[in-house]
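Undergrad: I am attaching a structure below and will ask some questions about it afterwards.
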Amino acid sequence: MRSIFLLLFLLTVADAQRSSEFRICAFNLHHYGDSKSRKSDVMLTLARASVTTRSPVLLLFRYDSTSSYQHVSSERLGRSESYQEQYVFIYRTETVTVTDLYQYPDDLKGDEDAFSREPFVVRFKAPRTGQVSGLSGLPYRGLFLCFLIESNVFSVIKEFVLIPQHTTPSNTTKELDALYDVLQRVKKMWRTENVMLLGDFNADCGYLAKKNRKNVRLITDKNLYWLIPDDSDTTVKLSTSCSYDRIVVNGETFNSAVVPSSAQPFNFQQEYGLTEEQTQNIKRVKNVAKLSDKSSSVPV
């Protein structure tokens, strides 16, 4: 059986107590399959994390086609037959709809095989503009990667695009720079500026040296806003403190919905008193951010 690493995105209704909010999250599940799904301790932690963030994680694993949730996923991606990954989006149909899908090709002229796992890009529409809407997700590297957006934001941002990416550590600088080409291609193809890039970028410590940052257009372009601070620890190992996992927003219009400093890691290892080994068994971190039409942040 192939080893699969899932990068999951869940779109759903936000906290009922704050009905004007909209949430975006991401979650890496390492080697998730039948074996891990049978581990009660792993599934219990995922369920607890879903309650904490109002994200019904179990729907990912007990999918009911009669419910109001749907999903789209990439094919298995990776250069090795023995280790491949998938990008998966799960969304609530009365909240958002999928309007376009795009698998970035690995044979694009001038950009051949730039990624180990090419981005699987999804465009969403929030048809019920001005009503309760939500976009939320799952534990990611031990933390969550999330945004909250006030629903009236979607009177302006009626459609948005998510570009996920899990870079290869040994090739982080090149892949992050190539991700800029993906962004430009998607903006031109779909004629939109409302684009968010998120995932495990490995964008810190030894994988992205400070001297190399000037060579990454995703960093140097002042129209792009990095919402996870460089000093945030998105790892689960006690011996490391690195901001590998990131959320990047394109353009001032989309960025103006972001609540300042709301992109913060939620560490479920600390929240639930797990050991490092238990957390590693689940894997990864979740970062949380809030979006509001009254706020702004500054470029990286």
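First residue shown is number 1, and so on along the chain.
Placed from the backbone N, Cα and C atoms, the Cβ positions cover glycine too.
What you see is a predicted model, and the numbers here were worked out from it, not measured in a lab.
When I checked TrEMBL for this same protein, it listed these features:
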SIGNAL    1-16  signal peptide
DOMAIN    72-257  domain 'Endonuclease/exonuclease/phosphatase'
ACT_SITE  Glu85  active site
ACT_SITE  His166  active site
DISULFID  Cys205-Cys242  disulfide bond
Undergrad: Which whole-number mean pLDDT does the model give the domain 'Endonuclease/exonuclease/phosphatase' (72-257)?
TA: 81
Undergrad: Which of the three DSSP states, helix, strand or coil, fits Cys242 (disulfide bond)?
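TA: In the DSSP reduction, Cys242 (disulfide bond) maps to coil.
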Undergrad: A 10 Å Cβ contact count, applied to the disulfide-bonded residues Cys205, Cys242: which residue has the minimum?
TA: Cys205
Undergrad: Check His166 (active site) against DSSP and tell me helix, strand or coil, would you?
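TA: Reduced to three states, the DSSP call for His166 (active site) is coil.
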Undergrad: Would you mind checking how many other C-beta atoms are within 10 angstroms of the C-beta on His166 (active site)?
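TA: I count 23 other Cβ atoms within 10 Å of it.
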Undergrad: Based on Cα distances to His166 (active site), point out the closest of the recorded positions Glu85, Cys205, Cys242.
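TA: Result for His166 (active site): the nearest of the recorded positions is Glu85.
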Undergrad: Let me know the DSSP-derived helix, strand or coil state of Glu85 (active site), please.
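TA: Strand, per DSSP.
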Undergrad: Can you give me the Cα-Cα distance between Cys242 (disulfide bond) and Glu85 (active site) in Å, rounded to a whole number?
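TA: Cα-Cα distance, Cys242 (disulfide bond) to Glu85 (active site): 23 Å.
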